[in-house]
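Enquirer: Before anything else, here's the structure in question.
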Amino acid sequence: MALGRHLSLRGLCVLLLGTMVGGQALELRLKDGVHRCEGRVEVKHQGEWGTVDGYRWTLKDASVVCRQLGCGAAIGFPGGAYFGPGLGPIWLLYTSCEGTESTVSDCEHSNIKDYRNDGYNHGRDAGVVCSGFVRLAGGDGPCSGRVEVHSGEAWIPVSDGNFTLATAQIICAELGCGKAVSVLGHELFRESSAQVWAEEFRCEGEEPELWVCPRVPCPGGTCHHSGSAQVVCSAYSEVRLMTNGSSQCEGQVEMNISGQWRALCASHWSLANANVICRQLGCGVAISTPGGPHLVEEGDQILTARFHCSGAESFLWSCPVTALGGPDCSHGNTASVICSGNQIQVLPQCNDSVSQPTGSAASEDSAPYCSDSRQLRLVDGGGPCAGRVEILDQGSWGTICDDGWDLDDARVVCRQLGCGEALNATGSAHFGAGSGPIWLDNLNCTGKESHVWRCPSRGWGQHNCRHKQDAGVICSEFLALRMVSEDQQCAGWLEVFYNGTWGSVCRNPMEDITVSTICRQLGCGDSGTLNSSVALREGFRPQWVDRIQCRKTDTSLWQCPSDPWNYNSCSPKEEAYIWCADSRQIRLVDGGGRCSGRVEILDQGSWGTICDDRWDLDDARVVCKQLGCGEALDATVSSFFGTGSGPIWLDEVNCRGEESQVWRCPSWGWRQHNCNHQEDAGVICSGFVRLAGGDGPCSGRVEVHSGEAWTPVSDGNFTLPTAQVICAELGCGKAVSVLGHMPFRESDGQVWAEEFRCDGGEPELWSCPRVPCPGGTCLHSGAAQVVCSVYTEVQLMKNGTSQCEGQVEMKISGRWRALCASHWSLANANVVCRQLGCGVAISTPRGPHLVEGGDQISTAQFHCSGAESFLWSCPVTALGGPDCSHGNTASVICSGNHTQVLPQCNDFLSQPAGSAASEESSPYCSDSRQLRLVDGGGPCGGRVEILDQGSWGTICDDDWDLDDARVVCRQLGCGEALNATGSAHFGAGSGPIWLDDLNCTGKESHVWRCPSRGWGRHDCRHKEDAGVICSEFLALRMVSEDQQCAGWLEVFYNGTWGSVCRSPMEDITVSVICRQLGCGDSGSLNTSVGLREGSRPRWVDLIQCRKMDTSLWQCPSGPWKYSSCSPKEEAYISCEGRRPKSCPTAAACTDREKLRLRGGDSECSGRVEVWHNGSWGTVCDDSWSLAEAEVVCQQLGCGQALEAVRSAAFGPGNGSIWLDEVQCGGRESSLWDCVAEPWGQSDCKHEEDAGVRCSGVRTTLPTTTAGTRTTSNSLPGIFSLPGVLCLILGSLLFLVLVILVTQLLRWRAERRALSSYEDALAEAVYEELDYLLTQKEGLGSPDQMTDVPDENYDDAEEVPVPGTPSPSQGNEEEVPPEKEDGVRSSQTGSFLNFSREAANPGEGEESFWLLQGKKGDAGYDDVELSALGTSPVTFS
């Protein structure tokens, strides 16, 4: 044993006097490293940052730092101010972490003070090098592979379910691997066998690293996936012209590869490659590629990668590259280029076959030899990176047929043109029909070819197509430009659409000529100004490009030189806000909406009106078109919408109806008039959007008005939030469904040329963000169709005695109407009660006593199952109902705070003709099956289970898809189906499997009415159980950096975390929230907290909980929507309780991590402390023996127990005494499996704290070396008798050695004496056991073995081996089967579930009593040795 070297007095002193600092975790940071996860460790105390002294700094301390910072695993722990000396205080002299703590505050450490006052300096400042939070594993290098993040314990793969390119970009940038080239599923790399990370990352693409990206927890703790996400990065991140070049547009080519600059070899270097670099650097085009060493420095590292550019790429790393197999490169043969700067030069479009002199770069005079003169372009797509594919051959441009056309083919086209990744491969002449020859047909590219004409095909010019089958592509480098402002068209924040995302433009430096180019491109006049005094813009977005310097010859922003495009080209305060000269604005006021009212124009800072002389429908058409308000319905005069104020800008306006702006129509001239404000003109427009072709104004094909005609909107990327905005704008309630072109006749007109990207909180469709479709035509299979609920609210009103009793009224298209009782049932009534938060329905009384005669009656018939959350979620028959008398209107009496279970029935109801279901007539249930979702964390996500004939069973996932999931979500009133999961995603169920091969259309009322194999027929097992995730899945949390029971209140709804509004939020509501979160019974609303940063949904307002509510979901509230209030009204709650942490670490933990030793001379000796109810506490030494110590040592992985220490020998602990009268058998795997008094119940003081000393040592503490400053000077009086301590330790070591030698001698002697009599001696063993049992019954024999007192080691042979039962334990009682052989049952009551009673040894059993060293055969010798943690040994 090597215990001696671990027991230096200095190390023991430090361990004993290490002070635990309570309160919140110390704030940490790493400084002066190359990234966030390495550097000098600094601690913030009293508002000031200071360092940690590197004395005794270990990998375990570094591991805790990395875990606290979310930086993965510790891979280095340099001291000696490796990252430079810090400034300011030295706050910590040492830390003593075990390595499993979640924060440094959980470790023992020195008092926090400035140790510079004690003579210490920054020369030993501690540092850390962490692995980082994310890595790419399993690929061909650090820049490609499976995405894995570090939990603080292990690397865990990330699901590919909702993994985005924006997230991949963050990962590649963080790893120094350039930009993301592709995001793949599990097929490229070997799938990890570990679990999948339980969160989805929602990066926007601008974050500095993955750790700070927003995250969303996966329902049930497991993300839906088909494998782990895979990312391939480019590795190349920057390019420059450097060294001896005379300017930034001339010099040697160098690339930043994984953080290092390297020169590029001239092998295969061509003018086409050089042209790409000049374009990328904003240096015009390449003039020449000079050879020779005059541009080269000998110290450069040479990169032998060979690029194969066509010359049209935007970035060098967009070109095909051969990274392997290149020859060695001399310094005289590195690539260089001289760019034109601001000259314009056209580069021939050639393929990548270049004639090059051996051993030298292409010279300035040698033009590239083009072995293939074909050229490629995209036309009619609105830009060079989207459109119909055309190839030039033999002087003629021709097209490609769409037979077999797919993304692999499109990838080749996009790569060849330098347009990034392929987003879409279009067919059917999506960008219009071409003309001329059709060059290719039946193309079958692998996606890796350098040119599209090198892919397999029918042959050049061979086809069976017409131009209506012309192929097209949309690439990621497609660009667009806009200004963003709430109320202006020609002034606002300048944004570009790039790489699939809108982002801002930087203003530094932006001269007048650049602003003029932008204004002309946007049709906003010929000049403008840059506004640098506008307030900082809210929210986050990319800043795509900086240093734009347009020239007089440029006609668009895309032609202007600039810095390279990247995600963060500047800071948010440098985003450009531009005013163009033509910045007049127009609005309609006092008309009740944006699209009707008095016409007003803003000019030179003043709003003025238009005189109504000659004002007619043609003038109104121009106004409606200009505002995006559809067609003109009326042109009002004589101040129909009230009189305005300010100037009268126009009079005698005489538009033709075709003008783009009303001030461009003929008139008397600006400010020329003979009117007053009694003659102010107005308009009434139809509005921007309508639903057409349905059965009313609230369902149908989505159409928007272009100013000329109604145009349908594409269903390609149409979303539910967009539908919600449309329904709300039209006064049609909420969106029930979004469909394709099936239910309604497709319009003959063109499709709207933009995609709407509504968040759901916009007041109207016009104000939603939009993205232009490439080529002006959106990809679609038809027009988008929306069905709105029409019904927006429900109430119980009139003669009812409370809000939970009365006549049922519904708000239909903005008007309240009573509901006829036709088909009114208790199931329908129960949904109304639930929706209003009024409990369940008690009865549905009929008769006029709850009715007023003036009500309008709705004859809609609802067919609820009773489980829906909203009445309008039920199937409804709106047409064909009979007339309804006022005496037959629906009514209900709800329980209020009563609880009553409603039978789950289908929608077939027996009802008397002409009357509502009476209170006495219970519904007739033709089908008593029930449906539920389990193990998903809420009622709207989980494994699908059906109750039939008293048994809950599951559905097999064969053919399980979103149509099936839609039926389930609708049936449960859980909104839209977001995901249909298979493979027991929410865990395997039990019981029968009721359905298999389900094939729903999505419109069935109940899932068991869908076509299937038949009830109970299947060929599945429960590992194929189906599940769903619905949009109404809810969760609740508080968000705070350092508190568990205080923070910003957030709900998870519709797939996103969002905040809760605080107005009005009374004490009872706060109490319900605190109880639901396990944070006590009361709390307070904090209104003085600062405004929260960032943007998020604000899902719900006006929450008013009642005394009977047990969760937030039961409380009445305002309607749930995206923006229910302003950011300053978000709720911040502080609860009085403190939710106890279930684990001492941040992550899930095992029993081993809930047990520790403190105050000892090594990590395997000390006072026993256990974690319970959120805090560490001690164990009382009553009944504490070597058996209990053995369990502790084994649980901690510290070998065998050497001593069971009592009487607080390692110092008294503090806090609770969690356990008393612990009684173990010695074989338990965990202390929790032993019998004990109930948690926290003891009659002890800390002077009786139990401890252990184990044989093993898990860590090695550094010994003190000469010349190292000791801590005894600053910490006096730790040990007054060091000699006594050494004597005790030496004695213990000696006794342990004596015990081991004695045991080995006994075993060896017995084996030699008995080796020839194995059978006879085995019989003798059992006789001896019987004799021992007889002896134990007496309890008075002096020969009996007893527990050895702490100080008694006189008789080594009688020291009980761990696990030996106490003599006080009888053996006559029959031991229950669940306690035999140490098998544990679940912990119940006050016991830690294992009895110290030993089972009777039976035939074939290995009893613990055999470990007492009695005679036995060789098999028992093996057991004896194993009990001491030693491998069986054969002695000769």
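Every residue, even glycine, has its Cβ placed from backbone N, Cα and C.
Quick paste from Swiss-Prot:
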SIGNAL    1-25  signal peptide
DISULFID  C97-C107  disulfide bond
DOMAIN    134-234  domain 'SRCR 2'
DISULFID  C172-C233  disulfide bond
CARBOHYD  N244  N-linked glycosylation site
CARBOHYD  N256  N-linked glycosylation site
DISULFID  C265-C329  disulfide bond
CARBOHYD  N444  N-linked glycosylation site
CARBOHYD  N499  N-linked glycosylation site
DISULFID  C506-C570  disulfide bond
CARBOHYD  N531  N-linked glycosylation site
DISULFID  C624-C685  disulfide bond
DISULFID  C655-C665  disulfide bond
DISULFID  C758-C768  disulfide bond
CARBOHYD  N799  N-linked glycosylation site
DISULFID  C820-C884  disulfide bond
DISULFID  C833-C894  disulfide bond
CARBOHYD  N897  N-linked glycosylation site
CARBOHYD  N999  N-linked glycosylation site
DOMAIN    1036-1136  domain 'SRCR 10'
CARBOHYD  N1054  N-linked glycosylation site
DISULFID  C1061-C1125  disulfide bond
CARBOHYD  N1086  N-linked glycosylation site
DISULFID  C1105-C1115  disulfide bond
CARBOHYD  N1173  N-linked glycosylation site
DISULFID  C1180-C1244  disulfide bond
COMPBIAS  1384-1393  compositional bias 'Polar residues'
CARBOHYD  N1393  N-linked glycosylation site
Enquirer: Can you break down the domain 'SRCR 10' (1036-1136) into helix, strand and coil residue counts using DSSP?
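Expert: Its residues fall into 16 helix, 30 strand, 55 coil.
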Enquirer: In which DSSP state, out of helix, strand and coil, do we find C833 (disulfide bond)?
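Expert: Once the DSSP labels are grouped into three classes, C833 (disulfide bond) ends up as helix.
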Enquirer: Have a look at the recorded positions N256, C665, C768, C894 and say which one has the shortest Cα distance to C884 (disulfide bond).
Expert: C894
Enquirer: Cβ atoms within 10 Å, counted per site: which of C172, C570, C624, C1180 has the most, among these disulfide-bonded residues?
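Expert: Counting every other Cβ within 10 Å of each candidate, the maximum falls on C624.
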Enquirer: Just to confirm: which same-chain residues, 6+ apart in sequence, have a Cβ under 8 Å from the Cβ of C1105 (disulfide bond)?
Expert: E1066, I1068, T1069, S1071, V1072, I1073, L1112, Q1114, C1115, P1116
Enquirer: Using a Cβ cut-off under 8 Å and a sequence separation of 6 or more, which residues in the same chain sit near N444 (N-linked glycosylation site)?
Expert: G404, D409, C455, P456, S457
Enquirer: Judged by the number of other CB atoms within 10 angstroms, which among C329, C833 is the least packed of the disulfide-bonded residues?
Expert: C329
Enquirer: C884 (disulfide bond) has how many other Cβ neighbours within 10 Å of its own Cβ?
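Expert: If we count other Cβ atoms within 10 Å of C884 (disulfide bond), we arrive at 18.
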Enquirer: Where does N531 (N-linked glycosylation site) sit in the DSSP three-state scheme?
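Expert: Reduced to three states, the DSSP call for N531 (N-linked glycosylation site) is coil.
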Enquirer: When the Cα of C329 (disulfide bond) is compared with the Cα of each of the recorded positions C97, C107, C665, N1173, which one is closest?
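Expert: Its closest listed neighbour, by Cα, is C97.
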Enquirer: Could you give the mean pLDDT over the domain 'SRCR 10' (1036-1136), rounded to a whole number?
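Expert: Taking every residue of the domain 'SRCR 10' (1036-1136) together, the mean pLDDT is 84.
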Enquirer: Of C172, N256, C685, C768, C894, which is closest to N531 (N-linked glycosylation site) if I measure between C-alpha atoms? They're all recorded positions.
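Expert: That would be C768, nearest by Cα distance.
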Enquirer: Within 10 Å of each Cβ, count the other Cβ atoms and name the one among the disulfide-bonded residues C107, C665, C894, C1115, C1125 with the highest count.
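Expert: Neighbour-count leader: C894.
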Enquirer: Give the sequence-ordered list of residues that share a chain with C97 (disulfide bond), lie 6 or more positions from it, and have CB atoms under 8 Å from its CB.
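Expert: Once residues fewer than 6 apart are set aside, C97 (disulfide bond) is near T58, K60, D61, S63, V64, V104, D106, C107, E108.
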Enquirer: Taking Cα atoms as reference points, rank the recorded positions C233, C1061, N1173 by distance from C833 (disulfide bond) and give the first.
Expert: C1061
Enquirer: Far apart in sequence but close in space: which same-chain residues, 6 or more away, have a Cβ under 8 Å from C685 (disulfide bond)?
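Expert: C685 (disulfide bond) has long-range Cβ partners L588, C595, S596, A620, V623, C624, L627, C629, G630, E631, A632, L633.
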Enquirer: What is the nearest of the recorded positions N256, C820, N999, C1125 to C172 (disulfide bond), using the Cα of each?
Expert: N256
